[in-house]
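Chemist: Please read through the structure below; I'll follow up with questions.
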Amino acid sequence: MLTYENWQEPSITFQEDDLYKGALSVLKWAYGHYGDQLVYACSFGIEGIVLIDLIAKVKKDARIVFLDTGLHFKETYDTIDAVKERYPGLDIVLKTPELTVEEQNDQHGDQLWKTDPQSCCHMRKVIPLQEALSGYPAWLSGLRREQSPKRAGTNFLNKDEKFKSVKVCPLIHWTWKDIWRYASREELTYNPLHDQGYPSIGCAPCTQPAFTAQDLRSGRWSGTAKTECGLHE
């Protein structure tokens, strides 16, 4: 089994010129290789909705983890409920941080996401994901190369130094248009905030509509130098 500890550049070749741009063949390999030891950390944005639909074609009881910071939009929780209804076999887990938002306010000051967004993301996202991935040799992510310069070098299989794991990214070759074509063709239910100018959706206090169509993540942590929550750095 390919793990972080025995990592070597994989010699596996995935078919990249098919209808799914390699995504389905990557998922078939990943679940064939890792089985129940593969977990998908999903934000339930449109990429996540597409990837869940692809996952369900391969493993109907796959484990899906959502990092429930307690600060998400109501529309995000409604989307999760819709996904649960459409794919009842999936094992969808909402992972919460150690501290509630109120406890965090008491211990670290009100609205830490404004005063120290890096620490807020670390406590409410990074640490919970570390806990959720504990014991799993690999995890799935919906990263696409097109999303940002930092993500442009992502491969199908990646040695993840952050979480000491193997990160599997089936959608790296998909464009924004590919994502929406698939969602439309398969009639997928998605977060309605996408139709209100939010291409990238995270916690409500730190997410605004995108300022430019060229940078789909420009609405995240607006007014700060922060561009990632820390999960993919």
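The chain as shown is numbered from 1 upward.
Even glycines carry a Cβ here, placed using N, Cα and C.
Below, the features straight out of Swiss-Prot:
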type	residues	note
BINDING	CYS120, CYS121, CYS203, CYS206	[4Fe-4S] cluster binding site
ACT_SITE	CYS229	active site, nucleophile
Chemist: What count of other C-beta atoms do you get within 10 angstroms of the C-beta of CYS120 ([4Fe-4S] cluster binding site), across all chains shown?
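Modeler: Step by step: centre on the Cβ of CYS120 ([4Fe-4S] cluster binding site), count other Cβ atoms within 10 Å, giving 25.
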Chemist: Please report the number of other Cβ atoms within 10 Å of the Cβ of CYS203 ([4Fe-4S] cluster binding site).
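Modeler: Looking across every protein chain shown, the total is 22.
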Chemist: What three-state secondary structure does DSSP assign to CYS206 ([4Fe-4S] cluster binding site)?
Modeler: helix
Chemist: Ranked by the number of other Cβ atoms within 10 Å of their own Cβ, which of the binding-site residues CYS121, CYS206 ranks first?
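Modeler: Sorting the candidates by Cβ neighbours within 10 Å, the top entry is CYS121.
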